[in-house]
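Here is the structure we will look at.
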Amino acid sequence: MAAVVGVLALQGSYNEHMAALRRIGAKGVEVRKAEQLLGIDSLIIPGGESTTMAKLANFHNLFPALREFVGTGKPVWGTCAGLIFLADKAVGQKTGGQELVGGLDCTVHRNFFGSQLQSFETELSVPMLAEKEGGSNTCRGVFIRAPAILEVGQDVEVLADCPVPAGRPSITITSGEGLEDQVYSKDRVIVAVRQGNILATAFHPELTSDSRWHRVFLDMDKESQAKALAALSLSASSNDADVGSKNKAPDLPIFE
């Protein structure tokens, strides 16, 4: 049976993700309520206005269900605002901040690349795409009021980075109570990562004709289902062995 991909449809570019899924023959469904998460195999959290999306998610009481879904190990992909949602820590937020789903061991800067006027497109080097799906080693990155990942944990695989724009104001990373704040001083910044069942991109693959990111995400779903079937098979074998050992006639003593 074909996997069902849910697309969080509160606000933002969910229609574009739905269209991208249709182009590759995948079944996508719009998700607006917590109970709808029960019927899907994977989830895309699209780009949009992250503060507005968070307010709508709160209104629909979605955060607990989203955290639970991430915790199941089913594939989840966040693009732009979706990346912010999935980050364990976000900086550069508006006063009061916003609630996060978490699960991705990284620090994201909510508006690293500046305002709408600083939106841009660039070619990104992503060897993983060519390795898994063929084609060029690069993809078109569409950045719209985009975030960026400043730091990642050791279990996070970096898939793509890009140069920090010239003239970018300095960014301070708050390290926490009792620790000294750090100024981001690298000349490149991370824009795509994977950690286990979580894929995250600071840009918008759904706004291009390159379907390889969506195909990679579907492959993650196939991996997840294969693991679930293997675990189920192992559990069944273990249960059969237990039943067999219980039904086995006891060994009788041998007298010589």
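Including glycine, each Cβ sits where the backbone N, Cα and C put it.
Automated prediction, rather than curation, is the source of TrEMBL annotations.
Here TrEMBL flags G48, E49, S50, R110, I144, R145 as L-glutamine binding site. Marked as active site, nucleophile by TrEMBL: C80. The annotation active site, charge relay system is assigned in TrEMBL to H204, E206. As annotated by TrEMBL, region 'Disordered' applies to 237-256.
Feature map: TrEMBL annotations on the structure.
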residue	record	contacts (Cβ under 8 Å, 6+ apart)
G48	L-glutamine binding site	L10, Q11, G12, S13, Y14, C80, A81
E49	L-glutamine binding site	Q11, G12, A81
S50	L-glutamine binding site	A81, I84, F85, Q98, R110, P147
I144	L-glutamine binding site	G47, C80, Q116, S119, H204
R145	L-glutamine binding site	C80, N111, F113, G114, S115, Q116, Q118, S119
E206	active site, charge relay system	S13, E16, H17, A19, A20, P46, G47, T79, H214
Residues within 8 Å of the G48, E49, S50, R110, I144, R145 Cβ centre (excluding the L-glutamine site residues themselves): G12, G47, T51, C80, A81, I84, N111, A146, P147
Entry from the active-site residues list C80, H204 having the most other CB atoms no farther than 10 A: C80
For L-glutamine: widest Cα to Cα gap among G48, E49, S50, R110, I144, R145 in Å: 12
